[in-house]
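The structure under discussion appears below in the form of structure tokens.
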Amino acid sequence: MLNDVLLLAATGFIAGVLGAILGIGGGMIVTPVLTLAMGVNIKYAIGASIIAVIATSSGATIAYLKDEMLNLRVAMFLEIATSIGAIIGALLTGVAPTSFLFVLFGALLVFSSWNMIRKLRGKSDSVVNMQDDDLSKRLKLDGVYYDKAVDKEVPYHVKNVPGGFSMMFGAGFASGLLGIGSGAFKVIAMDTIMGMPLKPSSATSNLMMGVTAAASATVYFFNGSIKPEIAAPLALGILVGATLGSRLMQHLRARVIRMIFIPIILYMGVQMVLQGFGVKIG
Amino acid sequence: MKQSNETKAKEMHDVEILIGQILRIGVIISALVILFGLILLMITQTSGYPGNVFPDKPSVILQGVIALKPFAVMMFGIFLLILTPVLRVVVSIYAFAKEADYLYVVITTIVLIILAISMVVGYFGR
């Protein structure tokens with residue numbers, strides 16, 4: 001039993017570090033380890049992974065707040081779109097054409113990874129979006145963060161609010177209907193569509209993930225999907241990992257974070273497209 | 001005018017620090033409860049429940065916590081962890097109110113209401 005506890009805590013630690021750096025929650029690391037490596041029933045694996053998302057979010061955000069890395073206004077404004085999307089998605093389970101949506105959202109991830117590769121080859125991570133936007137001004141979404149990797153304050157503007165809002169709605173919709181993590185979509189909405197720098201995008205995504213996951217976690221908690229002997233050591237490992245990961249992230253260059261991010265969303269995208277066509281891998 | 005701006009900025013800074021501490025304490029408490037349950041499980045070598053049973057009803061969990069049953073304590077800690085994002089939303093409303101940013105008091109309250117509705121629906125619709 002001690003072996004299992006240590007293995008779960010170690011898995012959680014790694015998922016927490018990665019999830020906090022990338023803003024993707026860590027469920028995509030936890031679920032395969034639980035089901036494939038440990039033979040855990042998928043029901044309990046899903047329950048554990050939703051706890052993993054909350055632990056990553058809470059562990060990461062308690063480290064961020066003081067450093068003003070996350071943009072609370074962007075988070076709360078976009079959270080409306082995500083949570084309404086998630087509710088509608090959950091309500092449409094069994095009605096909406098899931099295979100089509102898997103292909104659509106998978107293709108979106110593949111396209112975004114291509115987009116990010118172009119960003120990586122350009123110089124855009126050292127150039128901050130200064131484009132003004134009427135809506136983002138009225139909503140006071142512009143922000144400033146302290147980048148420890150380059151040792152200076154970085155003020156930034158937020159653009160294309162309606163585009164980001166729609167993407168967030170889509171991300172919530174997809175997670176409610178298809179049961180996929182929406183962290184990658186959240187980061188893409190802020191980074192690619194709204195022109196926020198990658199680090200605040202990741203931090204803000206992590207905050208939002210926890211809020212969205214809290215609702216579904218309640219369902220899983222009370223319907224017996226959360227096994228304490230799995231979720232407890234996992235959560236502890238993640239809390240430690242995420243606190244460390246978010247500190248580490250502040251010192252990493254955006255380029256480095258992007259280089260870890262790209263293969264992960266590419267993999268997720270391909271996996272989702274294949275699932276849409278009825279092929280299941282991983 | 002400059003003077004009052006500075007005091008306001010300092011006040012905001014204090015509010016942010018306070019919120020940071022509240023959230024940190026919330027997360028640490030839930031982690032400690034989970035850890036305590038896990039240590040109890042290790043020491044007693046029993047979950048407190050027969051076979052593969054684990055508690056998922058509020059009343060059973062609370063009774064188990066009082067009786068210091070390891071699984072019940074762990075579940076209670078996990079439930080506290082689930083509540084930490086809710087705590088985050090609640091204190092954010094307070095922060096925006098302190099800042100007299102009423103647009104965001106409204107926006108964040110809407111988020112809290114949506115969250116509360118989906119939690120309640122989730123609990124009864126399980």
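Note: Cβ is positioned from N, Cα and C throughout, glycine not excepted.
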Of A:110-129, A:130-149, A:230-249, the range TrEMBL labels transmembrane segment: A:230-249
Distant-in-sequence neighbours of the transmembrane segment (A:42-64), which means Cβ under 8 A and at least six residues beyond its ends: 12, 15-16, 19-20, 25-27, 30-31, 34-35, 70, 179, 181, 183, 203, 206-211, 213-214, 216-217, 220-221, 225-227, 230-231, 234-235, 238-243, 245-247
Considering the transmembrane segment (A:230-249), which listed stretch of A:6-30, A:165-185, A:256-274 counts the most C-beta pairs under 8 Å: A:6-30
